[in-house]
Amino acid sequence: MSGPHRSFSFNQGDDGAGDAGDVSPIRSQEGHFMNSPPRHNDVSPVSARSQAMGSSPSSGFLSAHEHGDRGWGQNSGHTQAMRTNSTTPGMDNLGPAAVGGGISGIALGVANSHNRQSGIDAFRDTDGRNLPAERGYNTTGSDNPYVPTPPGGGSHGSAENLRPRDSYGSNVALGAAAAPAGQLTPGGSNPSQRSLFDSPYQGVGAMDAGPYQRQSAYSAAGDYPLVINPDEIADDGDDGFTPVPNGKSASSNARAIPAAAAGGAAGGGLFGLFKSKKADNPSYGPVPGAGLEAGEKSRWVKPTPGGGSRKRGWIVGLALAFIVVGAIVGGAVGGTLGNRENEAPDTTKSASSDTESNGDLNKDSSEIKDLMNNPDLHKVFPGMDYTPWGVQYPLCLKYPPSQNNVTRDVAVLSQLTNTVRLYGTDCNQTEMVLHAIDRLELKDMKVWLGVWIDSNDTTNDRQIKQLYKVLDDTKDISIFKGAIVGNEALYRAGNDIASAKKKLISYMDDVRNHFKEKNYDLPIATSDLGDNWKEDLVTATDLVMSNVHPFFAGVTAKEAAGWTWNFWNQNDVPLTKGTNKKQVISEVGWPSGGGNDCGSNNKCTDDTSGSVAGIDEMNQFMSDWICQALENGTDYFWFEAFDEPWKVQYNTKDENWEDKWGLMDAARKLKPGLKIPDCGGKTAA
């Protein structure tokens, strides 16, 4: 983290006092809340929209998720790569038990990228464009939580694309408020062991027993819908995913930069701090985030009706063939799953039964002890981007997120970092994270509050109002490191960056004024692509938070650490010269699989060129980056801890990495072959 412990200097006054030591111990008995955090039943009585919001004037922001793919490429422009955090075919990629929010997370990216008033329906008006999902970079949290321009996508045709959607506020109760916190968590002494084929919403690794397996938050009795109606989803992207604007000019969004840092020249200097192979002329385009912005064809687009008896004949013939094959495969799968079901009783625990079996999980719970004692996890990350599962509107009103699952996530996160970054305030996600920290008695854990900002004034006002409520309900606000108002709002503004920036700054000013009135001594910031930061935005923020993803620059894993350091130091660090403002890399990471990216507007000619997604490459980047960053005091957030399987829908033929950015799979298991450096025992503050 940026602070007095750096072994080098940026030659600017950005080295403020370190903040690790000013973390007040969490009162395990009293908790952080003046009042108990909201708690909810398994199923909210709200089955329809609480209200229909009218359109508000275009604000310059594109409604989108907090993460999406953005290209850091050799040429100017945005890459068409998209990032989904983790999706596994055949697994519960959409349910509340999956990391990132399942189907509820899908609503974020999809809903925000279209000119409709609500839900995934927006995808129907994209003129065939594939809009990438992103969390913080595109997508994250997050998540997601990073999305590149969709393949073949042109610029947005009209201001209609900026039109806000119907949304639901944080003031809407999620189920019965009096329900015990643990009641939301799927149950069983072991995490969900349901068959992966029981429901499309079952979590990855559901057949594996143990504390790293995600539980299904809903029973097989029909608590969770097997078919989602896109018309019922109105999402604002606060999970870190955002739609990526098409057609941004290469000249305005990507500029060639020297590769001195990537080289780690023998002469030393700032760039010599990160030793890696030289990357030639890397340029920066949009970087994929953690959101639903991932550019890909909408699953909701209806096929054009076919004509002709011959075509119908072929269809009927193929259908019969599929039925025969399906019967054979179904028999085999059924037998296998039947055996597994016999081996694992109590496979369909609901959230309420989890509470009955496990109560409100805490540090003394057996499965939590297992999660918090993994020798392969090391606390070497200054911060981690995180979006709880199932925190998207309005689906969370009917299917509330699970407190116990958040507690499990935080237990794992505590082995990696002392700082967690959130992307929004909807669905009581902040309260659940704080509750988990209290239950686990994590004295040093801190939280960066997140506020999602898009083109819908109602959404923005709701998010900010909930931010204020969280602060009012928190006894000891020293647990917070600050508030991040907006993630990649300028990136999502497309060509209307000027008006978007003006409105974003006005929201930041409003929050800052409120904090002054309440005597909250907390910094206000926003996060965006590294090359979207200019002096006027720096003036309005207390920190410069840049999303920097080497994978989308088309550089090799060996060049990645140097490229990241170089880009950040040449584009963002100089902006704070002569001030006491810190610079933070708000998102950086590498996918564990799914193809390769050769930079903005560059198509890879083979599968080994450019940035290759893979475990070996991920290990290479972490080996070069993590310990050196820890040693020289670089403050950054890693994207991300857990895969988000539901994002598989945003993968394309050549870009299948959207669901694979986590250090761990959706079941909280470290990916096979992945090695987190221990940095000689040194840990992040």
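Including glycine, each Cβ sits where the backbone N, Cα and C put it.
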Request  = Have a look at Asn138, Asn632 and find the one that Swiss-Prot tags as N-linked glycosylation site.
outcome  = Asn632
Ask   = Taking Cα atoms as reference points, which of the recorded positions Asn405, Asn456, Glu488, Asn632 is nearest to Asn428 (N-linked glycosylation site)?
value = Asn405
Task = For Glu488 (active site, proton donor) and Glu587 (active site, nucleophile), determine the Cα separation and express it in whole Å.
result = 11
Task = Could you round the CA separation between Glu587 (active site, nucleophile) and Asn632 (N-linked glycosylation site) to a whole angstrom and send it over?
result = 18
Key: Neighbour tally for Glu587 (active site, nucleophile), based on other Cβ positions within 10 Å of its Cβ   = 44
Note = For Asn405 (N-linked glycosylation site) and Asn632 (N-linked glycosylation site), the CA-to-CA distance in whole Å is 35
Cα-Cα distance linking Asn632 (N-linked glycosylation site) and Asn456 (N-linked glycosylation site), given in Å to the nearest integer = 41
Request  = Identify which of the glycosylation sites Asn405, Asn428, Asn456 has its Cβ surrounded by the largest number of other Cβ atoms within 10 Å, counting every protein chain shown.
outcome  = Asn405
